[in-house]
Amino acid sequence: MRTGFLLLCLLLSLCSSVALSFSLGGSTLLSNPHRPPSRSPRSRLRGGQAIGSHLEGSDAIGMASEVFRGRTVLVDMDNTIVDWDREFAARWEKSPEAEAGDSELILGRTHFEMEENFSEGPRRERAKQIMKETGFYESLQPFEGALRALEAMSAAGASVLLVTSPHPFCAGECANEKFRWVEKHLGKEWESNLIITRDKTFVAGDILVDDKPLVTGRALPTWVQVHFAKPYTKGLGGVAGGGGDHKKGGWG
C-alpha cells in the first residue's frame, strides 16, 4: 500500500493534539484556528518531525487504520477531487474570447472564483456561461490518485463524505450532475456520502479538505481545514496535495 502526500497530511492533522506545525515535503501543515485541537490517538508521529512523502507496506496500513478509524473526513469535490480548472480551460480555448496566454492565466489563477480572473466585460461573462454549460460538472475528470485516496481512507475506518457547494450560477443542474458524477466514478453506494450545501460549517467532521482559501459560514465548524494545493492557496497553512506542486494538483 502506498499513501500519497495528501493522505499523510491528513494523518498528521488527525494526530495533532496542539496547534503545531509539521514540515512535510516542503509544505507546512497547521491546525485550523476555527476549533480547539482534538485529542490525539496513539501515534508514533511527533510535532515538527520530518516525514517522507510516502509510507509503504504494513506500516502505512497500520498507521492509517489507527488514525482514521472512527473519524469523519469531509472532502470537497471541485478542484480537490476533480480537475475543474482543466475542463474549464479546454472549453475556454474554443471560445471566441480566448486569447494567447489564457491557459496559463486559468491554470495559474490567483483568485478563487474563476470569473474574477477575467476583466469585467465579455470575457468575464463568457467565463460564467461556461460554468453553466450542460454537462460541465458531469464531465470533470478526477485528479490522479483521488479515487484511490477516498477508498483507502474509507477502508482504514474513516467515514468519508463528499461535501460540495453548487455554483450559484447553476445550482440545480450542477447538483444533479454531481450526483451523476459520483455514481459514474465511485458507484451508486457513494451517493449517500454526497452532501451538497452552501454552508459547510454546518457539516460535522474532523477534517475538511478543500481548495477554498477560507471556508466560513454561520456555524462554528468542528473540523480542521486542510487546504488543497492550488495557486490561490499558496502560502496558506495546511497546504496539501500535488506533492506540494500548486499547479499540478492531485493526490499522488
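Cβ atoms here come from the backbone N, Cα and C positions, even for glycine.
Pulled from TrEMBL:
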- Asp76: active site, nucleophile (ACT_SITE)
- Asp78: active site, proton donor (ACT_SITE)
- 30-49: region 'Disordered' (REGION)
- 1-21: signal peptide (SIGNAL)
- Item | DSSP three-state assignment for the residue listed as 'active site, nucleophile' | coil
- Note on the structure: Cβ contacts within 10 Å for the residue listed as 'active site, nucleophile', all chains included, total 21
- Message: As a test of the contact definition, list every same-chain residue at least 6 positions from Asp78 (active site, proton donor) whose Cβ is closer than 8 Å to its Cβ.
- Response: Trp84, Tyr137, Leu140, Thr164, Asp211
